[in-house]
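Annotated in Swiss-Prot:
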- LYS65: N6-succinyllysine (MOD_RES)
- LYS65: N6-acetyllysine (MOD_RES)
- CYS70, CYS72, CYS81, HIS85: [2Fe-2S] cluster 1 binding site (BINDING)
- LYS96: N6-acetyllysine (MOD_RES)
- CYS108, CYS110, CYS119, HIS123: [2Fe-2S] cluster 2 binding site (BINDING)
- LYS124: N6-succinyllysine (MOD_RES)
- LYS124: N6-acetyllysine (MOD_RES)
Amino acid sequence: MGFRRLSFPTDFIFLFPNHICLPALSKPYQRREISSWLARWFPKDPAKPVVAQKTPIRLELVAGKTYRWCVCGRSKNQPFCDGSHFFQRTGLSPLKFKAQETRTVALCTCKATQRPPYCDGTHKSEQVQKAEVGSPL
C-alpha cells in the first residue's frame, strides 16, 4: 500500500476542495485566488472605461455626504453611478467617496483622470479629444 506524494498546493485542492485555508499560503490574496474556482476557470478582465463626455461636470458636494462616482462611463446619471456597470457586466465598480467640506468641484467624465473622481484636465489631451463619446480610450 503506497501513498502518492502530493505536489503541493494544487493536488491538495482537488483532493480536499473544502479546505481553502492552506498553511503554506497564508496571505489573503493567495487564499482568495486559490478558493475562487470560478475565477480560475472563467477569468474575466474588467472592461475599459468609456468616455462619457469630453468636459467635466461642475457641481456642489455637500460635506459629510457619500457619493459613488461612475468609473465605467456607462451611467446615464453622470458623473454618478446608476448601476449600469452591473447590468453590462463590465467588471468595474464605482468609486465611493465622502465629501470633507461643502464646495463646488469639477468631476471627471472622460474617465482618464489621474486623480479620480476629480478632473485634472486630461480631457484636453489629444487622445481624449479624438475619442468618440461612448468609446474606450
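Cβ from N, Cα, C; glycine included.
CYS110 ([2Fe-2S] cluster 2 binding site) sits 14 Å from CYS81 ([2Fe-2S] cluster 1 binding site), counting Cα to Cα. A Cα-Cα distance of 9 Å separates CYS70 ([2Fe-2S] cluster 1 binding site) from LYS96 (N6-acetyllysine).
By neighbour count, meaning other C-beta atoms within 10 Å, the densest spot among the recorded positions HIS85, LYS96, LYS124 is HIS85. Taking Cβ-Cβ distances under 8 Å and a sequence separation of 6 or more, the neighbours of HIS123 ([2Fe-2S] cluster 2 binding site) in its chain are LYS54, THR55, PRO56, CYS108, THR109, CYS110, ALA112, GLN129.
With every protein chain in view, the residue among the binding-site residues CYS81, CYS110, CYS119 whose Cβ has the most Cβ partners within 10 Å turns out to be CYS110. The residues near the [2Fe-2S] cluster 2 site, meaning same-chain residues not in CYS108, CYS110, CYS119, HIS123 whose C-beta sits within 8 angstroms of the mean position of the site's C-beta atoms, are LYS54, THR55, PRO56, ALA106, THR109, LYS111, ALA112, THR113, ASP120, GLY121, THR122, VAL128, in sequence order.
When the alpha carbons of LYS96 (N6-acetyllysine) and CYS81 ([2Fe-2S] cluster 1 binding site) are compared, the span between them is 10 angstrom. Close to CYS72 ([2Fe-2S] cluster 1 binding site) in the fold, though at least 6 residues off in sequence, lie ALA47, PRO49, VAL50, SER84, HIS85, GLN88, THR90, LEU92, LYS111, each with a CB less than 8 Å from its CB. Each residue contributes its Cα atom, and for CYS81 ([2Fe-2S] cluster 1 binding site) and LYS65 (N6-succinyllysine) those atoms are 15 Å apart. In three-state terms derived from DSSP, LYS96 (N6-acetyllysine) belongs to an extended strand segment. For the recorded positions given as LYS65, CYS70, CYS108, the lowest number of other CB atoms within 10 Å of the residue's CB is seen at LYS65.
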